[in-house]
Ligand SMILES: Nc1ncnc2c1ncn2[C@@H]1O[C@H](COP(=O)(O)OP(=O)(O)OP(=O)(O)O)[C@@H](O)[C@H]1O
């Protein structure tokens, strides 16, 4: 069901067509405008300033982290700060070493090459990249079989910016060739509020502080989701009200789109609901849980669970999935007396009160 793009949830972190169309207008253009990620920003700023002083191209940069946190944006900022052009491609688009050779050989001096999903490149392309990164050289193989010859080709110095959601999947020889690795973290709600205020200004949306906070709390720590929710809330405010976004209007709009106060969507809530109401909070096997919500096991495991686990609402144990005290609390339910979390919920509630 969730494979159908028309049924994509509003809180999916990967970009959809509308995101791509509007994101260009919302991207920060320099490091000062880039919100949050203080450590990566400071480290990167040093790398870039040092390169400028030496009048050299900056070292290759690896950016790792989940989708929608600003890796593409940062790569564009690197190019802009260096006054260099940028070429954008992705691992899956480079299936043959020849594809990569064609790109590398057309780079100009100082150019930034952004390679998204670098962990999904083919093996031969990856090996060609090692030499290109280290020696600014590639061997282009001409011909086949015993008569094949390798023609060395010098490349101008360039900066590779690789992006990956899974730094652990990169082979060590590739990882080692990056001079700097930035680990992108999920954004704090206060940072997302700043992202939302900035985007609202650019989109000419009137929003107050409480309205921005309401959207930020539902955005799963991800600027792309925050921007998408802002656009849907804007629609609602314009159609049903006078266009101004307040806390109540943001909450009502996102309730229509089934994104709850903590950023859970319909599937997340269905999984939690089944776990609590049908299985007493677990433990229950993944496939049983999936049947209970009418989804494939993979969908539950890959689409719903990562966020539920990250939020501390669900835990994976060797005996199956279990709900935490926070899950009962979130759905406003009381765990049965025999549940291991019985009583904890009251403590949790008391602590919150
Ligand atoms: N630090 C930030 N400050 C303001 N806006 C941001 C920030 N980071 C990301 N954004 C916004 O979020 C959107 C998504 O960012 P971006 O495309 O750079 O993410 P990404 O990590 O490259 O995602 P993917 O891996 O899916 O390509 C952009 O439109 C940008 O406007």
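Glycine is no exception: its Cβ is also placed from the backbone N, Cα and C atoms.
Features reported for this protein in TrEMBL:
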- 26, 27, 68, 71, 72, 73, 134, 135, 136, 177, 187, 224: ATP binding site (BINDING)
- 72: Mg(2+) binding site (BINDING)
- 316, 321: DNA binding site (BINDING)
- 57-190: domain 'AAA+ ATPase' (DOMAIN)
- 188-258: region 'Small ATPAse domain (RuvB-S)' (REGION)
- 261-353: region 'Head domain (RuvB-H)' (REGION)
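With a cut-off of under 6 Å between the Cβ and any atom of ligand 1, the binding-site residues 26, 68, 72, 136, 187, 321 reduce to 26, 68, 72.
Residue pairs drawn from 26, 27, 68, 71, 72, 73, 134, 135, 136, 177, 187, 224, the listed ATP binders, are separated by up to 37 Å at the Cα level.
Residue 26 (ATP binding site) falls within a helical segment according to DSSP. When the binding-site residues 316, 321 are compared by the number of other CB atoms within 10 angstroms of each CB, 316 has the fewest. Note: the CA-CA distance between residue 187 (ATP binding site) and residue 316 (DNA binding site) rounds to 25 Å. DSSP states for the region 'Small ATPAse domain (RuvB-S)' (188-258), grouped as helix (H, G, I), strand (E, B) and coil, give 52 helix, 2 strand, 17 coil. Taking the region 'Head domain (RuvB-H)' (261-353) as a whole, pLDDT averages 88 in the prediction.
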